[in-house]
Amino acid sequence: MIICKKISAVRDIVKEQRGQGRSIALVPTMGYLHEGHLTLVEEARKSGAFVVMSIFVNPLQFGPNEDFARYPRDLERDAKKAEGAGVDLIFNPEVEEMYPAKNLTHVEVDELGDSLCGASRPGHFRGVTTVVSKLFHIVQPDRAYFGQKDYQQYLIICQMVKDLNFPIEVIGVPIVREEDGLALSSRNIYLSPEQRAEALVLQRSLGEAENWFRQGERSALSIEERIKELIRNESSGEIDYVEIRSAENLHRVEQIEGKIFIALAVRFGSTRLIDNKVLEGM
């Protein structure tokens, strides 16, 4: 496995691999890898592609009072996990390599990034789409793999690829969970044992919401309020949002029909966790 810090080196290696007839797969990450990331690699390897993993904690997607400075970083640990999973190349640039001067150009997807995490974290998705578009230009992959725990992000990236005519297939990979149901996240390490136990209410509430839906409940507002009540009764978590949206365009829905997703964001102490469940209406 190769570790590159420079854009030029990545481009040279990718060009060489293409010359040998190989396709290129990109797995973008911010590092501190867990099984969710490694599942993306597993999916990427199925096509026989040369697998590039980016590990870059992108400052543009963090707000002024967020956790950029303390976001976990451990390249040695990540390199071992990545190599064991079959990654061919890690691209781990410094901030100065990705943004060598004041960044005057940004990529932003309107509408899809205005709600949910976009409303709670202004500028977040502009930072995401800017860095992902840069990675797409640098690596020029045939396919890129994203986890669907960040379902809103996945839809935004798909829209960006469509609108900007990137010749890239975006592949969404289902949420990977711990044995007890907690969605895997690099931020889970911030949780105290008590907070982690409380955080299991996210998966429980999504499961209950599915039960209510299967029993015939179709009012989005009713399900949202029942989820909030459950979270408040069973944890000390501070709810950021509980919303049911169209899984196609993120529009609010009143009556559940078609494909929807239930999106949650809850803060346990200083740690903000997200989770979701996609359902097919009748």
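Glycine residues also receive a Cβ, built from the backbone N, Cα and C atoms like all the rest.
Listed in Swiss-Prot for this protein:
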type	residues	note
ACT_SITE	His37	active site, proton donor
BINDING	30-37, 147-150, Val176, 184-187	ATP binding site
BINDING	Gln61, Gln153	(R)-pantoate binding site
BINDING	Gln61	beta-alanine binding site
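Mapped onto this structure are the features recorded in Swiss-Prot.
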residue : record                    : DSSP class
Met30   : ATP binding site          : coil
Gly36   : ATP binding site          : helix
Gln61   : (R)-pantoate binding site : helix
Gln148  : ATP binding site          : helix
Gln153  : (R)-pantoate binding site : helix
Val176  : ATP binding site          : coil
Ser186  : ATP binding site          : helix
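Every protein chain shown contributes to the tally, and the Cβ of the residue listed as 'active site, proton donor' ends up with 28 other Cβ atoms within 10 Å.
Neighbour counts were taken at the CB atom with a 10 A radius for the binding-site residues Met30, Leu33, Val176; the maximum falls on Leu33. Each residue contributes its Cα atom, and for the residue listed as 'active site, proton donor' and Gln61 ((R)-pantoate binding site) these two points are 19 Å apart. Considering other CB atoms within 10 Å as the measure, the emptiest surroundings among the binding-site residues Gln61, Gln153 are those of Gln61. The Cβ of Ser186 (ATP binding site) lies under 8 Å from the Cβ of Met30, Gly31, Tyr32, Leu33, His34, Tyr71, Pro72, each of which sits 6+ residues away along the same chain. Cβ neighbour density within 10 Å is lowest for Gln148 among the binding-site residues Gly36, Gln148.
Cα separation, Val176 (ATP binding site) to Gln153 ((R)-pantoate binding site), rounded: 16 Å.
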